[in-house]
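Visitor: I grabbed these lines from TrEMBL:
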type     : residues : note
COMPBIAS : 1-10     : compositional bias 'Pro residues'
REGION   : 1-38     : region 'Disordered'
COMPBIAS : 11-38    : compositional bias 'Low complexity'
TRANSMEM : 48-72    : transmembrane segment
TRANSMEM : 111-128  : transmembrane segment
TRANSMEM : 140-159  : transmembrane segment
TRANSMEM : 165-189  : transmembrane segment
TRANSMEM : 201-221  : transmembrane segment
TRANSMEM : 251-271  : transmembrane segment
TRANSMEM : 291-320  : transmembrane segment
TRANSMEM : 332-350  : transmembrane segment
TRANSMEM : 362-381  : transmembrane segment
Amino acid sequence: MPPTSVPPPTATATAAPPAAVGSPASGAAPTAARPGSPARRARLVRRILVPALVLSAPLVLAVAMGVGAVAVSPPHVLQVALHHLLGTPLESSGIDPIDDQIVWEYRAPRVLLALVTGASLALAGTVLQTLIRNPLADPFVLGIASGASLGAVAALVVGASAAGILATLGVTGAAFAGAIGTLALVLALGRRGGRVDPARLVLVGVSISSLLQALTSWLQLQASPDQIAGVLFWLLGSVSGAAWSSLPLPAIALAAGLVGLLAAGRTLDALLLGDDRAASLGVDLSRARTILFVVSALLTAAAVSVAGGVGFVGLIAPHLVRLVVGPAHRRLLPLAALVGGLFLVLADLAGRTLTAPRELPLSIVTALVGVPVFLTVLLRADGGRAR
C-alpha cells in the first residue's frame, strides 16, 4: 500500500521566505504580474503545452501504428481499433483485411508496449530523483536493470539448451526474476540500523550492478555467434518482439504504480523539503522510503523484463516535465508518464523506419534524440532564469 499522505505544509510548519517589496507581507499593495513577465510566460506555456500534449497522444499512437512498410492512414487505424474494441464492421470502410492484421496483430502491441515501458521508466525515474535527491538518478541506479539483464542473457544463452527453470521461465520471466532478486538483495544490504538509508542504498545498488554486469559480460563470452546478436539487441532495448501477451505484466504494474504514487503525492512533496521537515509533517521516513523504492523498482523490473535495457527515458522525462509544471508530484507524475511513454513510442518509430529494413535498438535512438533535446531545453531554461 502507498505511504500515508500528509497535509501540505502550513504557514507554521515551514519557514516563510523573506518578504519581497510589493508583497502583502511588506505592507505594500500586491503587484500583479506584468504582461510578458517570466511568471506570466511560464503560466501561458503551461496552459498551452499540457493540453496540447494530452490531445496529441492519440494522434501520435495512430501515426506510429500506421507507419511502416505498409502505410495505413490514421483514420483507418482508428477504424481498425474500433472494429476490435467495439465490434464496428470493417466491410464498408474499404480497409484491406491484411492492413487490419498488420495494425492489430503486429503494430498495436508494439506501440502500446513502448508506451507502457516508457511511462513506467519515467515514473520510476521521477520517484528516485525525489528519494535520492539527485537529479542524475534514473531507474537503473539500484541495479534492477542489471539483474534483469543477467536473467535475460542467462535465458538466451543457457536456457535454449537447458531443461531447467530458465527454459521454463523464458526470457521475460527470467529477466523479471533477476530484477526482483536484485531488488531483494539491494534492500537487504541497503539498510542501516533497521532503516533504509538512501545513500547506502545507492552505493549498494551501484556495487551489485557492477557485479551483475560482469557476470552478464561473462555469459556473453559463452554465447554462440548466432546468439550474440539477440543478446546485444536485448541489452540495448527493443519492443520488436511485442505481442498482446507481453502487455499484461507491465500494464498492470504501471496502473497500480501510478495509482499508488498519486496517492503518495503529498508524501513525495514532503520528502523534497528534507528529512527533518518531512518528519515534522508526520511522514514515517523509513516506511515511506521502503515502499516508494519497492514501487519504483517493480515498475523498472516490469518494464525492463519485456523491453530490455532502455536507457535515458527515466532521466529525461521527469526533468522536461518538471521544467513546465514544477515539482508538485500530483501534476508531475502523470505528465512524466505520458511524456516518457510518447517519447519511447517516437523513438521506436524512428528506430524501425530510419534504417529500414534494419532496426536500431531503443537505447541508441533515445540517446541520439534525447540528449540534444534535453540539453537545449535545459540551456534555454537557464537562460530564461538568468534574464
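Positions of Cβ are set from backbone N, Cα and C atoms, glycine also.
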Visitor: Can you see whether the transmembrane segment (201-221) and the transmembrane segment (165-189) are touching - at least 3 CB pairs under 8 angstroms, only pairs 6 or more apart in sequence?
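Guide: Contact criterion met.
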Visitor: Have the transmembrane segment (111-128) and the transmembrane segment (165-189) got at least three CB pairs under 8 Å, pairs 6 or more apart in sequence?
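Guide: Between the transmembrane segment (111-128) and the transmembrane segment (165-189), contact is absent.
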Visitor: Which one, 48-72, 165-189, 251-271, 291-320, 362-381, has the most C-beta pairs under 8 Å toward the transmembrane segment (332-350)?
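Guide: Looking at each of 48-72, 165-189, 251-271, 291-320, 362-381 in turn, the most contacts to the transmembrane segment (332-350) are made by 48-72.
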Visitor: Six or more residues out from either end of the transmembrane segment (165-189), which same-chain residues have a Cβ under 8 Å from its Cβ atoms?
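Guide: Long-range Cβ neighbours of the transmembrane segment (165-189): 142-152, 154-156, 158-159, 196, 201, 204-205, 208, 212, 234, 246, 249, 290, 293-294, 297-298, 300-302, 304-306.
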Visitor: Give me the stretch from 48-72, 140-159, 251-271 with the greatest number of Cβ pairs under 8 Å to the transmembrane segment (291-320).
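Guide: Between the stretches 48-72, 140-159, 251-271, 140-159 has the largest tally.
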Visitor: What else in the chain is close to the transmembrane segment (140-159), if you only count residues 6 or more beyond its ends and a Cβ gap under 8 Å?
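Guide: For the transmembrane segment (140-159), the sequence-distant neighbours (Cβ-Cβ under 8 Å, at least 6 residues beyond its ends) are 128, 132, 166-167, 169-183, 186, 201-202, 205-206, 208-209, 212-213, 215-216, 219-220, 222-223, 227, 230-231, 234-235, 293, 297, 300-301, 304-305, 308-309, 311, 314.
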